[in-house]
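> For 12-157, the entry in TrEMBL reads domain 'N-acetyltransferase'.
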Amino acid sequence: MTTPAPEEHEEVAIRPAERADLLAVVRIENASFAQPWPYNAFERFLGEPGFLVVEVAGEIAGYIVADVTQQLGRALGHVKDIAVHPDHRRAGVASMLLSRSLGVLAVHGAETVKLEVRRSNDEAKRLYQGFGFDPLRRIPQYYGDGEAAIVMIRKVE
Ligand SMILES: CC(C)(COP(=O)(O)OP(=O)(O)OC[C@H]1O[C@@H](n2cnc3c(N)ncnc32)[C@H](O)[C@@H]1OP(=O)(O)O)[C@@H](O)C(=O)NCCC(=O)NCCS
C-alpha cells in the first residue's frame, strides 16, 4: 500500500455550527476583525441554519453567520459575518461557505441576500462580486471606528 499525499488527509467538511465550535470560531473572529463579535453574539445564532462552519482535517477553518428575516412582506437573507483562519485563506474556504449559505438562505425562502462590507475591504468585496453581489449603497460611519459600509445585494433563484 502506498502512503497517501498529505493533502489527501485533509478532509474538508461543511456543517451547521455547534456549541463545541464556538471557542475556535471566536479565535478566528479575533484574528480577523478589529472589532470582533463577542462569544455570546455567536451563541445567539446556534441552531440558526445559516450558521455554518468548515472543518479542515478536524480543525475549524472558517465560518459564516447568515439568517432570513421578513422585511416589508419579503424574505430577506442577510450575511452577517464570515471569516477564514489566516492559515487557510486563498484556498476556497470562504467560497465554499458562501455557496452553501446562499443555498440554505434560498431553501428558507430568501429572494434577495444582502450584506455589509467595509469600504476598504477589497478582498471581501472581490469575493462577493465573484458571487454576483452588486454594491447598492454606502452607509457612512457604519462601523464603530467611523468607516463606511458598502451594502451589497444579489437575487437568489
Ligand atoms: C475575506 C475572506 C473571508 C476570504 O476568505 P478566503 O477563504 O481566503 O476566500 P476564497 O479563497 O474563497 O477566495 C475567493 C475569492 O475572493 C477574492 N479574494 C479572497 N482573498 C483575497 C485577497 N487576499 N486578495 C484579493 N482577492 C481575494 C478572490 O477573488 C478569490 O478568488 P481567487 O482565489 O480565485 O482569486 C478572508 O480573507 C477573511 O477571513 N478576511 C478577514 C475577515 C473579513 O474581512 N470578512 C469579511 C467581512 S465583510
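From the backbone N, Cα and C atoms, a Cβ is placed for every residue, glycine too.
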> Restricting to the domain 'N-acetyltransferase' (12-157), what is the model's mean pLDDT?
97
> When DSSP states are grouped into helix, strand and coil, how many residues of the domain 'N-acetyltransferase' (12-157) land in each?
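Summed by class, the stretch gives 46 helix, 55 strand, 45 coil.
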